[in-house]
Amino acid sequence: MSDEEHQFESKADAGASKTYPQQAGTIRKNGYIVIKARPCKVVEVSTSKTGKHGHAKCHFVAIDIFNGKKLEDIVPSSHNCDVPHVNRTDYQLIDISEDGFVSLLTENGNTKDDLRLPTDDALLTQLKDGFAEGKDLVVTVMSAMGEEPNCALKDIG
């Protein structure tokens with residue numbers, strides 16, 4: 001055999017999957033589904049009857065949770081679909097930096113400085129105006145499939 005030692009470079013993450021499989025027939029309205037590699041919230045589900053080839057089909061109409069685009073997919077109800085792991089987290093706003101990032105306070109007292117300002121104009125002005133007035137603001141961040149833009153804003157002060 002060989003006396004050489006092999007070096008393996010690990011380029012993988014911790015192994016936690018960004019999605020999990022779920023049977024298409026069990027996904028309901030207001031649930032989540034991955035369509036065209038985008039995490040979406042289901043707004044309409046219709047199921048057709050079994051045809052002569054034996055599979056009932058589920059027609060999903062869903063909206064991308066990050067950019068608001070409407071997507072559709074048709075999947076046999078007995079097949080598995082990918083469902084994203086979606087997490088909602090509230091952070092308290094500490095600071096808005098000049099370079100377009102927000103500084104947030106986590107529940108355990110650490111700061112989170114890797115989030116950009118929202119691209120939605122209404123949310124952006126609400127965030128900047130509230131911060132300028134000295135209000136205590138809570139930013140709700142929704143994360144799925146490695147993305148986490150700012151989603152909503154609450155005034156707790």
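Quick reminder: no glycine exception, Cβ is built from N, Cα and C everywhere.
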- line: Which range is region 'Disordered' per TrEMBL? Of 1-21, 64-84, it is 1-21
- line: Counted with DSSP (H/G/I as helix, E/B as strand, rest coil), the domain 'Translation initiation factor 5A C-terminal' (85-154) has 12 helix, 36 strand, 22 coil
